[in-house]
């Protein structure tokens, strides 16, 4: 950029020496050309000044937002890049403001694929980010829950149970035993709440005393 400016200035000095003393129209055309060159140089200088100001106000890349908020002696126009949210932060004269401008070279595409169901944990390898309104598909069991058993088990299923699921009843369909010698029992089914034990008494009147 500086080289181009020096070349332009040298051209202006050379052109100014070419003004013809007796040719007014030629001189006017030459002056107009020189004026255009001056305008281009002024535009180039403006671009350079803008870039210098931008570089001067850039405070750097930071891992977390708090590091930006703790910067000392900020000035109006200062800005910084945050790796935490990949956004540009600007200083407005009183405080640092998080903008909606994305850090250069950090433009990550959104994924258009359907989210996966919950499953085996994995760090993942996708280079795309999930949209804020994405929804994971349900990962629930569609089989009838098993009956309660005496041998509890942790289970191996990778599906969730629905909140309104119900286990099939696990009750005994046999007639309850008569009272006799006490026993803990080995049955793995429940007794119905309205069950009745058969009577266990002597019904022969001839031997009742």
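Backbone N, Cα and C atoms are what each Cβ position is placed from, and that goes for glycine too.
The annotation compositional bias 'Polar residues' is assigned in TrEMBL to 169-191. Tertiary neighbourhood of the compositional bias 'Polar residues' (169-191): same-chain residues 147-151, 197-200, selected by CB-CB distance under 8 Å and a gap of 6+ residues from either end.
The region 'Disordered' annotation in TrEMBL covers 155-195. Taken residue by residue, the region 'Disordered' (155-195) breaks down under DSSP into 0 helix, 3 strand, 38 coil.
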